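Single-structure report; data block below.
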Amino acid sequence: MSEAELEQTPSAGHVQEQPIEEEHEPEQEPTDAYTIGGPPRTPVEDAAAELSASLDVSGSDQSAEQSLDLSGVQAEAAAESEPPAKRQHRDISPISEDSTPASSTSTSSTRSSSSSRYDDVSEAEEAPPEPEPEQPQQQQQEEKKEDGQDQVKSPGPVELEAQEPAQPQKQKEVVDQEIETEDEPSSDTVICVADINPYGSGSNIDDFVMDPDAPPNAIITEVVTIPAPLHLKGTQQLGLPLAAPPPPPPPPAAEQVPETPASPTDDGEEPPAVYLSPYIRSRYMQESTPGLPTRLAPRDPRQRNMPPPAVVLPIQTVLSANVEAISDDSSETSSSDDDEEEEEDEDDALTMEHDNTSRETVITTGDPLMQKIDISENPDKIYFIRREDGTVHRGQVLQSRTTENAAAPDEYYVHYVGLNRRLDGWVGRHRISDNADDLGGITVLPAPPLAPDQPSTSREMLAQQAAAAAAASSERQKRAANKDYYLSYCENSRYDYSDRKMTRYQKRRYDEINHVQKSHAELTATQAALEKEHESITKIKYIDKLQFGNYEIDTWYFSPFPEEYGKARTLYVCEYCLKYMRFRSSYAYHLHECDRRRPPGREIYRKGNISIYEVNGKEESLYCQLLCLMAKLFLDHKVLYFDMDPFLFYILCETDKEGSHIVGYFSKEKKSLENYNVACILVLPPHQRKGFGKLLIAFSYELSRKEGVIGSPEKPLSDLGRLSYRSYWAYTLLELMKTRCAPEQITIKELSEMSGITHDDIIYTLQSMKMIKYWKGQNVICVTSKTIQDHLQLPQFKQPKLTIDTDYLVWSPQTAAAVVRAPGNSG
């Protein structure tokens, strides 16, 4: 069946129309219908008629009106020849026609539907349009476009349609009488448009350019090709056979076929289909690269097809400034050339540096202050160093290392003079200078050295006291019997005994209480060698941060992790099993695989979310070793033993629905000859100043009371440990003396038995509060009720935030037989 016969076949959504021209003018040629009700024929129209006649002679199955309508050049010329008429409405419906068999590459059903949907083009020129409102028709067309939006391939060619003059009213009435149903498009109707002439002229979209002087009745419509299954119900109901689709065009030669990538994983462009037309082929190649999305809605004829704007990104400079793009015709360009050249001369060596320690971006220049420091030239040289808080301190450069930052490849390990070693760390070169004014911070000078009359070591103090006693022996007057002699509050002159020499016990207590660092001269040869080795090993810490649970903690001291782990900048430690890793990916994988959610051992205390676990070092040796390695990052003078058998570990945890999170711990020997109840105690920095330290101290003394011994922590204590213990001791003693301020006197022995604190610790604490005096060769406590109340009001002696409730403690002291296993027993 030819396409001319299909035009008379009703399709889905259309009603078969009767040839109206035959009823009114049966003898008139089809080409004359184009001029009904219109102006006289022009030479262009005569040429169109001749062209249609030639098409009919050549065997074309299309009418002259259709061929004329599909000629873009002739339609444009006809529109120019006609006088501009008043535009009543704009028809934006997509109209197209299958003109050549070579362009039909779809199935038979697709061709039939496209022909039946738009075969009314020629009939619309012959018959007047139906009196149907414009707005509903546009809404129906928009609904069809939305239904077929998911099946859009690419935009089709642009066609021109010239609106014809209105037909006589009589002919319009005849059409209304014959058509019983509205010509509404069916929901199954799909638009199918191919190229006008794929292999000839007009195949390029640039050939169809809208003349800006064209009358407004010329509409540019963009049509899309929608591949979808069609249902030609009207044709099937009539029983009309469908024509077989024409054979596809022959494939091009082998040399025209693009080469296939050698590898299926090749990232090269995919070759286009060989049966596509040149225009579709070019569009296919353009769409294979990222571009703008395909426009589905028809464009306005007055809209220009502009290329996408060029993406102009701001230029990121070393000063983090956004430089805007300026046009070539700007007058400011020539005036600022000289200024830019001067700035380039000044900033020749301007680079960016990202400080890994302070997480700040700084600008470095080529001045001498940014040059590399040679530590070997002057190891004891003192520099000015800016800390992270902005203060400038005097310090010493101890070590250097190379970083991944190309702009500032060197970092330096510095020690601040007069500050604790836990504040040492790695800093960038821009934070070190010979002049404090170059760093731009508040300069903090170290504490002044001790006065000549104040000893720096116990040996010097003993020498000064001996000289003072010899000089004042002849001038000393007899003291009154009732005069009270309080110990001095100053730690360096605590013992006010001008007529006595300091004993070895007093010297040891003085060094322990004040954490006096012994000089190498006071140590034996073996001890001095070990101390020097310890300082050389622990002087430099390479692990800057510790990722532990939800916290990233800055480390304080050196810890002897293995070589590859000890030099890592960030160490990742699982908070449940204490396994350490170097890489974040390994840490994330381990957290997913680790099934432990609490420390090993048994839980001996639980109140609220506070839990304490007792872990035997002999049973869980690996876990205890890992715990000690991690604790060494925050403890200076801590001795690590690979033999964990003699120790018990008490781990304090906060428990929630995810598990038990380690807060701190303390360890103790199973059997101590000196009755030490704490060998090592630590609260992690994120949990400090929350009362957990005093809670662990109180728990250790509670265990000592249950064992029936009076315990004390191992000495020396760190600076933070000494403050915590002194605060706990002071509050405990004040609470005991608060109810005993009667005429009878309380003794140090009674306080020791009630509190579990040793005599030496009680004397040290009362001396710091000026509540003890030395009278007739013994220490006597002399306090009043007002003195106790005044001390309890001080912030350092306030009540602890957390206390131990013995009702929740499930623990009994272990006997010697349980601690030390009898020989010969296995297991």
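Using N, Cα and C of the backbone, Cβ positions are placed for all residues, glycine too.
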Annotated ubiquitin cross-link residue, as Swiss-Prot has it, among LYS694, LYS770, LYS776: LYS776
Candidate annotated in Swiss-Prot as ubiquitin cross-link, out of LYS483, LYS541, LYS545: LYS483
Record-annotated acetyl-CoA site (Swiss-Prot): member among ILE681, ILE710 besides ARG689, LYS690, GLY691, GLY693, LYS694, SER718, SER727, TYR774, LYS798: ILE681
Annotated residue, ubiquitin cross-link, per Swiss-Prot; candidates LYS381, LYS532, LYS567, LYS786: LYS532
Per DSSP, three-state class assigned to GLY693 (acetyl-CoA binding site): helix
Rounded to the nearest Å - Cα separation of LYS638 (N6-acetyllysine) and SER718 (acetyl-CoA binding site): 10
Rounded mean pLDDT for the residues that make up the domain 'MYST-type HAT' (538-813): 89
Least surrounded among the recorded positions, given as LYS638, LYS690, when other CB atoms within 10 Å are counted: LYS690
For the zinc finger (571-596), residues assigned helix / strand / coil by DSSP: 10 helix, 5 strand, 11 coil
Acetyl-CoA site span - longest C-alpha distance across ILE681, ARG689, LYS690, GLY691, GLY693, LYS694, SER718, SER727, TYR774, LYS798, in Å: 37
